[in-house]
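If you look up TrEMBL, you'll see 38-488 marked as domain 'Biotin carboxylation'. If you look up TrEMBL, you'll see 154, 238, 273 marked as ATP binding site. Sequence annotations record features per position, and here TrEMBL assigns domain 'ATP-grasp' to 158-355. Summarising the annotation, TrEMBL assigns active site to 330. Marked as domain 'Pyruvate carboxyltransferase' by TrEMBL: 566-835. What TrEMBL records for 575, 744, 774, 776 is Mn(2+) binding site. Taken from TrEMBL, the feature substrate binding site covers 647, 911. Annotation source TrEMBL lists N6-carboxylysine at 744. Taken from TrEMBL, the feature domain 'Lipoyl-binding' applies to 1112-1181. The N6-biotinyllysine feature in TrEMBL is assigned to 1147.
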């Protein structure tokens, strides 16, 4: 007898002597002749990580490895890891290719294969496959066909267990093939029961049923899954044991009848009866129970003549009783933990046993098998735990694994660029940790999983991390209810995936153009604005905000009134760029200069930086959160009061809202950093104004009630808005409790003489109330007017830094500062600081060329005294005219604006009333109508929505009432609002809104909820954009607007200490068949690519439509897969939750349910169709 004593000797023997016969006397007193035949080549009839696992064992043993692969797997890693590989099942379905026994045998015969390893799944438990392998003169690396057949047959296995004296669970005597039989058994034996596939395992086709009315549906679904996975839909039914632990014993048997156990594994952490985390050995399992269980498993194996590797599975109840479930006559997915904690290579042992070696020759006697520490296996799958673990497929855009001491990875196709298909199991990689105790092993696993970076598909890693940090898990207190009874396992911190999302955004811009509409053909300048330095190690000087924080609004107002010099409010951060560049200046550029402003302009009255149009534009066009803008500015400017524009009862919107929305908005604004609320109403309608004042005051803000100015108090012929009108309004606002009075001259109509008259009159009546004057410099007289206001007794006037001033913006800061130097009204600002501040904005402004008002407006224009267009509206109106094809007719639009104002009753014009006038003016020019014609033809014209809502009273009641008969002709019998529009509105249910947002967007903040209350559709679109493209506000402005140039390198700072280095490499010239174009980048030195749908090219390609997530009635595929059943047709009425379509993917079936009740308007799928995730299934109205 010759026994190889080393691996080298073993390899030499294999080459030199093809066949050797060995004879030995067994210690157990029986003699056996065992034929030893070295194996020179092994074909693995499987795919993925288990195939690679076997190949590695073969390589270590000096054996040639051979792979088979389906058409769908031709790019899969397992075929590349083998020494040879051959396609099977050409033209067959993906799973059927690996079930094609004749073709696999043919490959073996044609290529001189010695042995076949079945892996797990597919044919591994098919006795006819094992027999076919043996009949072909090959060796099957596994149990004998008879054992495979008997152990795969649940009934035969139960009989064998009974004969071997192993306890069993009550169940059917044989396989059940019809739902009627299933129902009969359940009615006879009671519930709960569990359905199991009679000819396969792994959780496929397994269902627990607790209600009699669910028996038939669950049986059909389970049987269908079993047939798809194993080729046979027969089911086994048994009583379901409550609160069991799922424990399995690993066995090895040789051809001489010897059997040993390699201890047990705890597989209780499972979902849908599929194991998620496995531990070896089973924690907190009493030794006496372990010994009984392992002894029972060995006894059963010897009884059936088991050879090679296998597992006996048990359920163990709380009392320590255990029951036989089944035998897995194959290697299992979780064999790795046994290998790690015993140090025994199970796959090599399988091969050597198949060659004819005995356990003793392998050194695998029971006394030599000693457990060491604890091993844990986590199955990282491409399933989305936040979406009911739906399989997720696609391209791995990024893959970086966790490694290090005590970590083992078993995987396949885990590399950037790999395609995860819907055809097979969702397992991506098995991560195995090993340490001296359970807690240390869990800590290693936790660390390794956190090191993973997987992008392009969803994974279950967030869920696994929650499991690993659960205290019951760490102490080994486990049963199969563990996941179900710990809902906190499903509370995830969403992975931000910021880098990849930003690459997708950059790719989108490069392929499809700017993602925010550009108003002109000008391009952003290639400039990096110089930011003047400030001493960052020191705190900025104290400012007026310290008084607000310390003593409150009243003390602040008193302090402002006590100052003898003129105070300034800087509008550069809001109204200036609203007026000059359509509100498009981004947070990115505002934050850069913020520290300088905090240090150099601490004696400003306030910084106007929020509210008004900035809220809408930030969400709609800049794709950034306005709340984050406010919060980040406050961090950098802690000392200067912030001021916002509050549109009274309209908050920062364009319509009326329920009162509680306005109150909630103000409350949140103060919490986020706002100080002063400049409250106005577009019609000076007192009820709307006072509501806004009350909301701002209750929130703890400084209330600055604003009177919107129109007309000309210095012209005796202009009688509608005379001096008495304004002083009466001032009286009412002071009476209502305003801290500060503001004159809001939104169009720049306040001439110097009118300013003197108005401010003097108000100051005489209210000597103790601070007066703040806001204006625009459209006519060019702004500086003169503001100086007149100051001399007449105003405490504060508005300015913008020089390079952002003039025209439709505010008067020049530098001009006002210089004009008052050395006078009692000296602003105490340093002109050098103003100059440096201006230099930054002069450069920064060039980044916003596409929105620059100077493309059409070269200077101020005194015609504003005629048309009265507000400065903040002027450029927006101009860009709207261009988009409507009226760019060459803008002069006509301005003239029509004047006529429209008269038609509407000569109203106060500021958002939203100014929009009403602007919409009517453009309507008139488009339709070549005069003001008189509009009134005459009012009954037959289709007016803009804003005009109709104004006439209905939805934004309030104008001074002097609505114009008649125009109003009557337009509205006819339409409803009218009497009094304050919001007074009759029911309070908004914020909890309900938050719930709805969470259904669409997952985790949302209170800020998101308030944004949605104000701008429902805009906020919904913003949240979808942010989920798709990430923090685009962190990109430099030119990159954000027009994308990088090919070859350009740039940095993106996500947060302190986290900076991305990006280089745009190339964009593929060829279009992929799915209409996508590949764009290549280098990210932090690593090659990355993204696939972007080319929207223009896709117009010529038939691509299945995607469901619009913002439209609730559009039902999309929750996962990629095949349509196996369509249960509705066009015109059907459906109820919420009603089954619509059944999908199958990764051997799992899913019923797609109706998200709402309604009528099926359109069906986009049919049976047999293959779908990608989010493909449109149908539309419900």
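Glycine is no exception: its Cβ is also placed from the backbone N, Cα and C atoms.
Keep in mind that what you see is a predicted model, and the values were worked out from it rather than measured.
Positions of the features from TrEMBL, shown on the structure.
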residue	record	contacts (Cβ under 8 Å, 6+ apart)
154	ATP binding site	171, 175, 196, 198, 236, 326
238	ATP binding site	169, 170, 171, 172, 193, 194, 196
273	ATP binding site	194, 203, 206, 208
330	active site	118, 119, 120, 124, 125, 142, 309, 310
647	substrate binding site	612, 653, 680, 681, 682, 692, 911, 912
744	Mn(2+) binding site	678, 680, 706, 707, 708, 709, 774, 910
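The Cβ of residue 575 (Mn(2+) binding site) has 30 neighbouring Cβ atoms from other residues within 10 Å, across all protein chains displayed. Around residue 776 (Mn(2+) binding site), taking its Cβ as the centre, 32 other Cβ atoms fall within 10 Å, counting all chains. According to DSSP, the domain 'Lipoyl-binding' (1112-1181) comprises 0 helix, 38 strand, 32 coil. Mean pLDDT for the domain 'ATP-grasp' (158-355) in this predicted model: 92. When other Cβ atoms within 10 Å of the Cβ of residue 774 (Mn(2+) binding site) are tallied across all protein chains shown, the result is 28. The record gives 154, 238, 273 for ATP. Within 8 Å of the mean position of their Cβ atoms, the other Cβ atoms in that chain belong to 171, 194, 195, 196, 206, 236, 237, 325, 326.
Its Cβ placed at the centre, residue 911 (substrate binding site) has 26 other Cβ atoms within 10 Å.
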